């Protein structure tokens, strides 16, 4: 529950999320198609920054150091006879000194074991911090084994989730889904009625789409990695030999399977080996539009030939697929091609990158370009020249074009009041009815939104809505593709077409209904001091209901709600009487949904029926029984949720306490953060991650605070960071850390902070602003160190252009090396082939450190690794290094090496002592 009094709120074993920018898992399906990953039960991939195996940090390292100390005494022992020649008095003095040395060494050793290492051993008393809804099902975490890093990195603590590929039947039937698995009789790929899963006689019989998981074409075995059934369910589009490009994009060989005959043919029979970047079914199921070599093609199934829609695509000109920066920062997908609902038109982007500067990314071991070097050139790195616009540099020029399928004609529509070519970012395209299409665009700095309505039949367009968001609250427009078209239905009280969009309203993001399409004035569907999330989720056109996920109960929670299209009768579908974090996926007609409970207790999934006033549960499809067993067997950290107030802003905090937490002890504290604009790291999902390992196995407290700039705490707190990234965010981390340093159970001399990507930037910015007064240590992975080095679309959204805001860029850059030198020590790690946050960031930082004679840092590079740092076991090594480095920090090892001096041998010290004692 949301608390405003600042009191602690105990909870179940609640998780923390991982921001996309840390290292988002790649999607492999298009936004408008279905794939095997999105259709079928699957094991959720381990969270992006903790995959792979990894050895635990153990005590061997510290025993080795002790052994080294013993070795240093060997010269003294081997030289003892020489000392004995000085007579009996000298011998007595000698043995007294020996005993004193040995006694001192033993005392230091005992103190080291009982004191120095107590920080990661558990105490005897357990904090009773779990209620009836606990993931453990008990009120104690005192029993069980510690969480291991190997388990976390191997994904053993990840909940198992299923995704349902809802499809509309050929006659618009609701409740149909695509499933895979089973023998040849059942069919490998089939369409089932959700009502048939429980033996309901009203359900339709299954329809087999693919009998076997492998199909043969001219004797060649095709093993598809993704599938896309046609809307009429008579064909299936297959992809094989799929290869990843960037985060969302990929290429592969495409095939069309006929359901009746179970035979397949290449998508383009004239080029069966051609690698295709994108393929999309026509809503009429009679054609496929696809992209190859950055050109757009149409394959009508009635013919074996294809029609070239565009012909001049190439290295600098893209049709139908996004370039790197649009894929990463605007669309978050691999498709910028959209069929009209009546299949008469195709809208697509034309992206011109000619003026965009290139950035070279080098690969020293692998050759992602696929090019075989010429003889004698094998020892040179493979170089990918990426068109990467940095702040202030030319952006790609993106235009929206249209293809008339019947006339085989490409055209564009000029609209008055459009942004100039170098000042336009198209963030969403949405088809309406009768050839009309809505286009949402922003200016380059993403603080002015314009919505255009284009009529492709008359080839005219007009501006229908404009919002100056910067003038409203100093904020920005976040790209999204969640706007929903609502068709006219006079019988149901909708005389005109309309659409539902998310807009700023009284300081929070809420749902607004615009009807007719050219009406700039909205009917607000939601309001209040909370926000909707990626809304709406679905619209029930028959009953006039809008479904959405929101934070009405608390910023850290997600519940499912519905509201009438007139804004009345807003009610929750999920149980809001206790903390919860839900997600939902609706069937085509919204009569059914897959409800996913993600925490705080053990996650589960169920099919629900939404036809009545209250939901009914049709089928429980996942309860994560294996997680229940693991929770019972392992000692998970206690998570305490609370609010803190900094400069009048209420911020969400979660504190992970080690099992057997003893308030009489003094614990080291690790702060973990991401902190990017609009992000959220403190939430109520069940997660056992690297932070859980640190608390459970190492015995440290881990604190996360979502400071100003993060999401779901209101636009005032979010927008204040614009133009000066890092200042308020770091201030909030430091202010919260000072609160923790004052707690009786915290060792204020052992406090660290770490993060990845934006979190890496925030780690360095916090150390810079703090100058060693609160945090002694920091660990930054793949950090931005100067926002002039990051991509233009993301950076200018929050910082304006460098020409517009030079002082802001200067302030946000990591520049104060003297302040960094005040920390005890910090660690920086980076993938050498990072195409997202370029290695340039860390190299320039190192140069600044060198020029300032700063030496209190460690640095590690990982060859051929991108932003997620996976290449050749690198991900395992990253977390191994983080864990070991942190243990060394909190054990005081970095103090010992801070100012190294030659160590005089013990024998020389003894001789000097003897001379002083001699008469």
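Here, residue 1 is simply the first one shown, and the rest follow in order.
Placed from the backbone N, Cα and C atoms, the Cβ positions cover glycine too.
For 1-53, the entry in Swiss-Prot reads region 'Disordered'.
Annotation comment: Swiss-Prot describes 1-10 as compositional bias 'Basic and acidic residues'.
In the predicted model, residues of the topological domain 'Cytoplasmic' (1-92) average a pLDDT of 32. Annotation source Swiss-Prot lists topological domain 'Cytoplasmic' at 1-92.
Feature annotation from Swiss-Prot assigns compositional bias 'Low complexity' to 21-38.
Under the heading transmembrane segment, Swiss-Prot lists 93-113.
Summarising the annotation, Swiss-Prot assigns topological domain 'Vacuolar' to 114-919.
Among the features that Swiss-Prot reports, N-linked glycosylation site is placed at 200 (among others).
The N-linked glycosylation site annotation in Swiss-Prot covers 352 (among others), and the record cites sequence analysis as its basis. Counting only same-chain residues six or more apart in sequence, the Cβ atoms lying under 8 angstroms from the Cβ of residue 352 (N-linked glycosylation site) belong to 316, 317, 396, 397, 398, 399.
In the three-state DSSP reading, residue 643 (N-linked glycosylation site) counts as strand. Residues annotated as N-linked glycosylation site in Swiss-Prot, with sequence analysis given as evidence: 643 (among others).
Around residue 757 (active site, charge relay system), a 10 Å sphere centred on its CB holds 26 further CB atoms from the protein chains shown. The secondary structure of residue 757 (active site, charge relay system), as reduced to three states from DSSP, is coil rather than helix or strand. According to Swiss-Prot, the active site, charge relay system annotation covers 757 (among others).
The N-linked glycosylation site annotation in Swiss-Prot covers 811 (among others). Following the DSSP three-state reduction, the secondary structure of residue 811 (N-linked glycosylation site) is helix.
The active site, charge relay system annotation in Swiss-Prot covers 834 (among others), and the record cites similarity to another entry as its basis. In the three-state DSSP classification, residue 834 (active site, charge relay system) falls within coil.
There are 23 other CB atoms within 10 A of the CB of residue 867 (active site, charge relay system), with all protein chains counted. For 867 (among others), the entry in Swiss-Prot reads active site, charge relay system.
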Residue 643 (N-linked glycosylation site) versus active-site residues 757, 834, 867 - nearest by Cα: 757
Integer Å distance between the CA atoms belonging to residue 811 (N-linked glycosylation site) and residue 757 (active site, charge relay system): 18
Rounded inter-Cα distance in Å - residue 834 (active site, charge relay system), residue 811 (N-linked glycosylation site): 25
DSSP-derived structure type at residue 867 (active site, charge relay system), helix or strand or else coil: coil
Rounded Cα separation (Å) that holds between residue 811 (N-linked glycosylation site) and residue 867 (active site, charge relay system): 25
Protein Cβ atoms within 10 Å of residue 811 (N-linked glycosylation site), excluding its own: 17
Recorded positions: 643, 834 - member with fewest neighbouring CB atoms within 10 Å: 643
